[in-house]
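Record features (TrEMBL):
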- B:464-490: compositional bias 'Basic and acidic residues' (COMPBIAS)
- B:804-815: compositional bias 'Basic residues' (COMPBIAS)
- B:825-834: compositional bias 'Basic residues' (COMPBIAS)
- B:20-422: domain 'Oligosaccharyl transferase STT3 N-terminal' (DOMAIN)
- B:449-490: region 'Disordered' (REGION)
- B:804-834: region 'Disordered' (REGION)
- B:15-38: transmembrane segment (TRANSMEM)
- B:112-134: transmembrane segment (TRANSMEM)
- B:140-160: transmembrane segment (TRANSMEM)
- B:172-197: transmembrane segment (TRANSMEM)
- B:203-227: transmembrane segment (TRANSMEM)
- B:239-264: transmembrane segment (TRANSMEM)
- B:270-288: transmembrane segment (TRANSMEM)
- B:300-324: transmembrane segment (TRANSMEM)
- B:369-387: transmembrane segment (TRANSMEM)
- B:394-427: transmembrane segment (TRANSMEM)
- B:511-533: transmembrane segment (TRANSMEM)
- B:623-641: transmembrane segment (TRANSMEM)
Amino acid sequence: MGKSATTSDVHALFHSLRSAYAATANHLKIIDLYIVFAIVTAVIQVAYMAIVGSFPFNSFLSGVLSCVGTAVLAVSLRIQVNKDNKEFKDLPPERAFADFVLCNLVLHLVIMNFLG
Amino acid sequence: MAAQETSQSATFRHAFGNVLSFTVLLLIGVMAFSIRLFSVIKYESVIHEFDPYFNYRVTQFLTKSGVYDFWNWFDDRTWYPLGRVIGGTVYPGLTLTAGTLWRILNSINIPLSVETVCVFTAPVFSAFASWATYLLTKEIKGAGAGLTAAALLAMVPSYISRSVAGSYDNEAVAIFALIFTFYLYIKTLNTGSLFYATLNAIAYFYMVCSWGGYTFIINLIPMHVLLCIVTGRYSPRLYIAYAPLVVLGTLLAALVPVVGFNAVMTSEHFASFLVFIIIHVVALVYYIKGILTPQMFKVAVTLVVSVGMVLCVAVLAVLIALVASSPTKGWSGRSLSLLDPTYASKYIPIIASVSEHQPPTWPSYFMDINVLAFLVPAGIIACFLPLSDASSFAVLYIVTSVYFSGVMVRLMLVLAPAACIMSGIALSEAFDVLTRSIKFHLVGTTQNPQDNARDATKVNQNDVKSEKSEDTVKERPSRKSKKKDKENIEKPSLVSRVEKRLLVLPLETSVMAVFLLVLLGAFYVVHCVWAAAEAYSAPSIVLTSRSHDGLHVFDDFREAYAWLSHNTEVDDKVSKSKRSDSFALKTPTDVSGISFIASTHYPLILFEVLNLAVLGLVQRNKLIGLLAAAILVQVASWWDYGYQTTAMANRTVIVDNNTWNNTHIATVGTAMSSPEKAAWDIFNSLDVKYVLVVFGGLVGYPSDDINKFLWMVRIGGGVFPHIKEPDYLRDGQYRIDSQATPTMLNSLMYKLSYFRFVETDGRGYDRVRNTEIGKKHFKLTHFEEVFTTHHWMVRIYKLKSPKNRIRGKTKRSKSKSGTSTSSKRSTRKKNPWQ
């Protein structure tokens, strides 16, 4: 009895999550897809390192951190572009995207220097 | 009409305020620069102390050979025979900054020498630091507080002590980088702009390049983020301020060779990763809360808590096992001694021996930050009304820096900007209240209380609006106005309520209070100028003292280095004694300065000879080897004057101030504590030819080697167990008079310091220890004296070469050399070496 209540609760939870997420705007979903792609790439790199060892360490570090870094920056972009955020109401999305590009440039410059 | 007038007058006032603050800032910069020039005026434009000489030598190499050679430089003039990888063990920020400045100035045809650029780097960057303090405090409280804080920082004695003209050390640029990084972090936090987050990461990179104290930033910012989360102040701006900084900052820190992989592997950085994970969890929680209904959210919480808890515990257990497996839990020695102040004295005597690493005394707080010491609590209270993210950061900064300054006197330097910010806020708030009540009394005496209240709030709103419009010119209007709107809604109501209480302040009290505050400021200025002129401007390479018959100049150090440079071979290796107490020198005794007209520039080394020697040794070619051996000599000493020797005398040293190899230093310490024969053996194994000791007994110079002898014994004893400290102590004290232990009287340090000392005044009275020495007439068997400076402050000895034929009983002499701690008095045995 309790178990079915919890399972039905869990089902209801997932259903409401899915429906709420489906209601988000398209451009935000694109950014979310990009974030998922970056995280998956990072996980693949870590799995590869676990198999073949971590030498050279600086390459591994720069690869993983570049994936994590682009994910973080994409999350920041999503925060700034999301219309539901009252704090960024006056920020034009073009400015947010320009900041995102600049930060990515710096990040990838550092990555390429550290890649070795 | 009235609105138009007020808006016009507001614009005019705003423009006038801008021009005024720009002028004031310019004057503050000029003051910060000029207060640090006392030593250049009193002495000459010379580099001070010990560490700056190393930085100067590295900068010389950089300007001559370019960046690539500097980055890959392997220095074989120090730490003979190990050498030192300069590119990988030095923080390049300072040298790169000075080198860039020199190159820029030379390219626009201002031909300053490298030395001048190095000497004046610190004052220039202290002007920048006061401007950065203005920006930081403006973000926290407002422009008035910013100007006050900048003026206070320009003069604070603790910062002056490490950034006078000539003190060419890492802190000169690092403090500027620290304040600037904090400013950009607070700016990002206030505006939520990714652009400032990028700039923040780049400023953090500059800080990592400059100083080992960057770990303070990478631990303080996560602490602040955690504080904001815990107190319920999480916002998307916090995420934007923190998360990109961690990723970019870690990468940039790993780029600097000194830090390298320590950026991800040492415990000093783990706090940032932990908080990185925490902030992502919190952000996810807030996001899900936003898209779910409340009851669904409750279900989600119970699900996650039950499943996630198990996972969390497992991950934590793995992490703890990893960290606990290393003996220091992953922390480096220096950082651990900050957390546990007794750690260094128990385990790492080298760190404990540096005078700057001792805890400060109470008077040093008053000496170093003076009036600010009791303005800081007022500032902390002012930060709480109202509390914002930025002001909570300021409170956290002052609390942590007070703790760390209590552990190590050197970290008073990190306390100085925090104290200035807090005091600036306190003074600005006080002046605000007082001048407002004065203005109210002068303006509103004829109106009834109702109008008074309205006038007061209107005046307040005008001030607030002008402040707001002032800021809108500088940054994006929408974001800043939105932030100010939030604050303004609560501010006028709060202030009007407070206003009613403030109105009670009578006119005379306010005027008196303003006058007293200005007087306080005057006392502060007087103290700072005195501290800069008298206490912190000694170059410590030249000493003077006043006596009844005038001013005596002691330029013995440069005399000794000049002798070494002119009278020894190019590749001599020097052994010298421990670094003098910079703390002892800074106490205001009667040591003032006069410049000694001597050239400080010496010709550079010829590397060909050393290359030849190495070639000969490697290829075992006897002829080349013999040739090189005739030239390869070394000067052995303790580590204090290593940097100065390599920079000014251009000789190879065994150990220097970098103190990275404890065993190497312990070898020299053991040699100084052993009898002559054992010491000769040790020095011979290091290819030493000259030994240099600093002796202050004739003139009363307290920072000589006999006073530092206890560290040689301790450090030597830490690595070589046959040196036992109790052998040198009589009643728990180190003594050199007739009550001294035989081991002490036989040690090399005693003999080299007091050789022929009795000839100066007939009874050998040591002015520092204030006694007559114990053993007065003795001969040196394995060393010969080659040079003693004018005031007997620096004495140079040469190792005697062994005789070709050994006469007499060699077996007994061999067995004697093995027991260096024997307490038998050395009888006049027939010495085979004479």
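The backbone N, Cα and C atoms fix where each Cβ goes, and this holds for glycine too.
Using a Cβ-Cβ cut-off under 8 Å and counting only residues 6 or more beyond its ends in the same chain, the transmembrane segment (B:15-38) has close neighbours at 122-124, 126-131, 134, 143, 147, 150-151, 153-155, 160, 163-165, 466, 470, 473, 528-529, 532-533, 537. Under 8 Å from some Cβ of the transmembrane segment (B:172-197) lie the Cβ atoms of residues 93-94, 97, 121-122, 125-126, 128-129, 132-133, 135-136, 139-140, 159, 162-163, 203-204, 206-207, 210-211, 213, 216-217, 221, 235-238, 240-241, 244-245, 389-390, 393, 397, 413-414, 416-417, 475-476, 479-480, 483, all in the same chain and six or more residues away from its ends.
If you count C-beta pairs under 8 angstroms between the transmembrane segment (B:270-288) and each of B:140-160, B:239-264, B:511-533, the highest count goes to B:239-264.
Comparing B:112-134, B:394-427, B:511-533 for CB pairs under 8 angstroms to the transmembrane segment (B:140-160), the maximum falls on B:394-427.
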